[in-house]
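Following: one structure in structure tokens, then a few remarks.
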Amino acid sequence: MGLELVGSETIADASESPLSISGLTVSYGEKPAVFSVDVSFQPGQMTAIVGPNGAGKSTLLKAALGIIRPLSGRVTSYGRPLDEMRARIAYVPQRASVDWDFPARVLDVVMMGLYRELGLLGRMRGQHRARAMACLARVGMEGFANRQIGQLSGGQQQRVFLARALAQGADLYLLDEPFAGVDAATEKAIINVLKDLNAQGRTVIAVHHDLATVPEYFDRLFLINTTAIAEGPMAEVFTPANLQVAYGGRLALAQLGSAAAG
Amino acid sequence: MGQDFVMLSLPPLVIGICAAVACALPGNFLLLRRQALIGDAISHVVLPGIVVGFLVTGVVATWPMMLGAAAAALLAVVLIETIRRLGRIEPGAAMGVVFTAMFAGGVLLLEQSAASGVHLDVQHALYGNLESLIWLDGWGWGALMDAEALRGLPPELPRIGGVMLGVIALTAVMWRALVISTFDEGFARTLGLPTGAIGLGLVAVAAVAAVAAFDAVGSIIVIAMFICPPAAARLMTNRMGWQVAWSVVFACLSAVLGYVLAGYGPLWLGYQNALSAAGMIATVSGAILGLAALFGPCRHRGGAPVENGAI
Amino acid sequence: MLWEALSLQLGYNATLVTLGAMMLGVAAGSTGTFLYLSKRALVSDAISHATLPGVVLAFMAMVALGGDGRFLPGLMLGSAVSAGAGLLAVTWMAARTRLAEDAAIGAVLSVFFGFGVVLLTVVQVMSAGRQAGLETFLLGATAGMLWGEAVVIALGGALVLGLVVLLRRPMALVAFDPGYAAGQGMRLRTVELAMMGLALAITVVGLKIVGLVLIVALLIIPPVAARFWSERVGVVVAIAGFFGGIAGYAGAAISATAPALPTGPIIVLMAFALFLLSLLLAPGRGVLAATLRHLRFQRRVHLRQGLLALAGGQPVYEPLTLRLMRRAGLVRADGVATETGRAMAARARLDERRWQMLRSDPAFEAAAARYDGLTPLEEVLTADQIAALDRGLGPEGIV
């Protein structure tokens, strides 16, 4: 396992897309969940992946990261095969994807983010612990370091996952539904952290389902419903016509109304 | 007293402890991965393995049988995984199909070979024969320093001892990767960890431990040690490291108490013959689990969730 | 000999055992289906291993009372009691502690079995080395079975089968959709208990024939095999019963022909053969059918993607796509599109554009939900509707 240092000095090649997907098709059984998607995410931007339930948002992310196997497609990161760029990518899975009854403390989970740095046998030193604590502080969870993870609320679990990703010190952050089922305070804390990351020049891509907050939280939008519908700056893509294609019918109009009102 | 102990009781005690620890360590991870019953499946297919090992080589010797058992265990694991994926069957049922069918094949082959006049001991495979693993050259504690006497140790001892040390070393080296991929497999994969290989490696280590242990102590203890000490340990603590430590303590405790109760219990009650040590060790581990389930500090799920006010 | 066995001409005992095994197989297969569908197949493993201490304790009690320790109904009663205790222990541990059900199953089966082995050695101590013959319960044995025992097994098999037939409706409902069943006012726990109770009864009856290690197979393998053939609960239950019955009948009959063919393993291997056949050959869920379907599907996806790329003037990277397109005559060896390729690409592009139109039109909401990149529009809309769409498309609409 590599001991390569992961740090901010790697934010170079600003022109290269941190995540570029071409011809990606994934299917569960006989129906494609994601069909022939081509998309290149822009570096240094905050992009939301948006679409209705079952549109393949999470599937796209998981297939891009090699967590599930696609039927076809190529994925590159910063112009290289994704496998070579793992050190620069941090992934925040859906909260419900793990068993929170696992015997671990909050700090143990955050330390998992240091794995690429520590490797299998690297000594855990004071500075590592301090870094993990600092990441917890950034999500407002420093007081919970020794808490058993099963005792956390949904919002707190989500923050712990975000802190683990922060500990990875990556350039590209991929988040799967980070705002699903969390309280308002957590939502605010998370978006602030993401905006900070973005201000430091890091790329943030998040699966999101709340149309009302999309324009406020993100710079760019990727609309998907099985196929790619549109990708671009928020103002250009967040249009009734596009949302109609993605959502079909009344749902989009209703959601759009609430977005306009808010 | 010292001489009797070293000659008759020390080797079985040490062998029992080694077997218990070698099984309990991977058992911790299998438990958390909801694969606790893989130990059950593996120990059932040991029987067909040794029968085939015997039929192929034609001799009743340890190594061919152990190799046969190990091959059967690996075959079972591969078959379970294949059937589960190909047939989209839930893992428990896939295990049930594979290990019962292989066990049935083993019994059938056994009867066939018995019909041709060879006797293989099924009960040995099930209950082991811990009590008979004595050290005739163990003339006293000093024999532990005596190279000549050490050569007379029952061969099961270095075998299971070596396997235990191997399991301990692997657990220590792979610790971080095991913990991360057990807790969050998707995240582990984004770190570049080969989660499939780690999962398979874990089961393979469990299989090796099971085969080495069954040879000395029989397959009942194997199943019990895969599950009971880790399960009891899970109810004692909420931290992975401590859980593994507790499971080792419980495994050793089961081995020692079980052996002593089986060997000396009947004497205390005025009977001559000893009871099955393997069965007693499993029973004691169950009693420990029962106590942990009733009184363990972390026996309940979760705990009171702290709500979002406290940020 | 085999024919005589299969046609029940090997004497009363063999005939009774064969019929008993068949009824047991039918009952086990159908009961096991309910367990399998509620994802608790291995509970039966805990039940069966937990019978051992009961068998031995019953033996000891009957000897202590001066009776025949091997009196089958007594041993069956003992095994039922301790299997019931094991079942309770599993349920309690899974419900009251943080341990998952699989851990509870493993713990109960190994500990009860271990305790049973200790008790077996106690019997040996008491009887000063005389064989009690209880070991036959581990692997089952029908050779030398008494007439009375055969009757008990046949009657037991019939009784359990009757109960399964009686309770099949509520059990099917609970296994298939517990939420709905509860909404119908059904008492879930009672029905679940009945399921487990039946599994327990099957274990107890089958113990003497099949042995406690292998009785599990009768509860697991036929249902898993049957599941390949149907998506409907009632049908799966029936097929599982049928498979179980065949395995029991043929297994018992075959084993009656020679002493070195033990009943339990033969029955289990028969069931396993049925499973293998189902796994490979069943239409729909079978491996062969699924593989063919997957390959065809993969081909469709790659061709469609390739055609869309051709139409858009983009390069095709994927080697598999290129190979499939070459084989279909859509591109030449050097990667340039053929006449057919260009025509099909144009069609694919038109189809895709029509879909695009359709998806952006609220009037077609229901049809739009069927979009998956592969379904041809002709399957969803009538020719008239497509013509209407095309009018909106214009001569060369933007994509």
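Along the chain as shown, the residues are counted starting at 1.
Backbone N, Cα and C define each Cβ position, glycine as well.
Copied over from TrEMBL, here are the features:
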- B:6-25: transmembrane segment (TRANSMEM)
- B:37-56: transmembrane segment (TRANSMEM)
- B:62-80: transmembrane segment (TRANSMEM)
- B:92-110: transmembrane segment (TRANSMEM)
- B:160-179: transmembrane segment (TRANSMEM)
- B:191-214: transmembrane segment (TRANSMEM)
- B:220-237: transmembrane segment (TRANSMEM)
- B:244-262: transmembrane segment (TRANSMEM)
- B:274-295: transmembrane segment (TRANSMEM)
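Between the transmembrane segment (B:191-214) and the transmembrane segment (B:92-110) there are fewer than 3 Cβ pairs closer than 8 Å, counting only residues 6 or more apart in sequence, so the two stretches are not in contact. Beyond the ends of the transmembrane segment (B:62-80), by six or more residues, the same chain brings 38, 41-42, 45-46, 48-54, 56, 91, 94-95, 98-99, 102, 155, 200, 203-204, 207-208, 210-212, 214-215 to within a C-beta distance below 8 angstroms of the stretch. Counted over residue pairs separated by six or more positions, the transmembrane segment (B:160-179) shares at least 3 Cβ pairs under 8 angstroms with the transmembrane segment (B:6-25), which defines the two as touching. Within the same chain, the transmembrane segment (B:37-56) packs against the transmembrane segment (B:220-237): three or more Cβ pairs sit under 8 Å, each pair at least 6 residues apart.
Contact between the transmembrane segment (B:220-237) and the transmembrane segment (B:92-110) does not hold: fewer than three of their C-beta pairs are under 8 Å, each pair 6 or more apart in sequence. Each of B:92-110, B:244-262, B:274-295 was scored by its Cβ pairs under 8 Å to the transmembrane segment (B:6-25), and the highest score goes to B:244-262.
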